[in-house]
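Below: one structure, written as structure tokens.
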């Protein structure tokens with residue numbers, strides 16, 4: 001920690017960013033508070049080499065953390081100034097964040113900030129016959145567009161193709177022993193990262209299958225009465241398909257997820273249909289020709305069920321450097 005006022009605000013933003021969602025809760029980021037700048041790096045030691053060989057989901061995860069940091073700064077009363085990819089000679093340096101002009105935080109900024117600690121990944125099936133209102137979907141779409149991304153809502157017909165993509169992803173994963181071993185590594189109950197059994201729902205019928213974590217009877221989260229028939233499936237997409245686009249997709253994912261949390265919605269990402277090229281290609285066919293799908297978000301309500309357990313987090317001492 002630091003006693004310099006600006007550095008303290010930046011450090012707090014980095015701490016809040018540690019709560020961002022990430023692929024298999026790998027938390028593949030590292031922050032550095034240096035003078036008046038907060039630097040975001042990719043932690044390459046946390047890459048999923050089998051599931052994410054080209055870093056797409058790792059960069060998307062870091063983009064979500066970057067957005068969380070921006071939300072924190074606004075809640076602290078400062079406009080964040082962000083320089084993405086500031087140094088071409090440091091490809092793993094994703095962003096510089098600095099403190100801009102001071103201003104009183106708005107009520108919206110504070111609600112968004114508070115949602116950081118309320119946000120969960122909810123892998124349970126969502127409530128039956130409770131649709132997400134159209135105006136709420138429109139708000140989620142606006143949140144994505146503010147981050148230079150697109151948000152598509154899949155129609156019932158599109159969901160049929162998503163089901164095919166999800167089944168294809170499951171089949172491909174079952175045949176890939178290297179990927180299966182990697183998944184086991186990140187579901188083995190690590191104290192600070194990964195996907196613990198208590199956050200994985202027990203198997204239950206759904207119209208679109210979700211990732212099989214291979215836990216079997218060890219999956220500990222009761223699915224509840226929902227069946228996902230009223231779930232909405234949202235696709236975060238970008239015009240480009242490079243590192244800058246992936247970073248934007250991550251910032252948009254965070255913006256949409258936090259907005260959904262404010263609206264009382266539950267959210268769970270479906271990254272398996274992005275990991276498998278054939279599944280992603282099928283998903284892309286549902287979008288506009290120039291749109292590149294980056295992540296699918298399943299959203300809905302869980303009725304009277306309480307929130308699911310929190311995922312573990314690495315301590316700040318491991319993920320933030322000062323100086």
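Every residue, even glycine, has its Cβ placed from backbone N, Cα and C.
Averaged across the domain 'Nitroreductase' (116-275), pLDDT in this predicted model comes to 96. Feature annotation from TrEMBL assigns domain 'Nitroreductase' to 116-275.
The annotation region 'Disordered' is assigned in TrEMBL to 186-227 (among others).
Tertiary proximity for the region 'Disordered' (293-323) is limited to same-chain residues at least six positions away from its ends with a CB under 8 Å from its CB atoms, namely 1-2, 7, 11, 14-15, 18-19, 25, 27, 29-34, 43, 56-57, 60, 118, 120-124, 126-127, 130, 132, 140, 149, 162, 190-196, 198-199, 208, 210, 221, 224-226, 228, 230-238, 245-246, 249, 253, 256-257, 260, 264-271, 273-274, 280, 283-284, 287. According to TrEMBL, the feature region 'Disordered' maps to 293-323 (among others).
Distant neighbours of the region 'Disordered' (186-227): 24-27, 46, 48, 121, 123-128, 159, 162-163, 166-167, 169-170, 173-174, 180, 233, 268, 270-272, 298, 300, 302-303, 305, 308-309, 311-315, 318; these residues of the same chain sit at least 6 beyond its ends, with a Cβ under 8 Å from one of its Cβ atoms.
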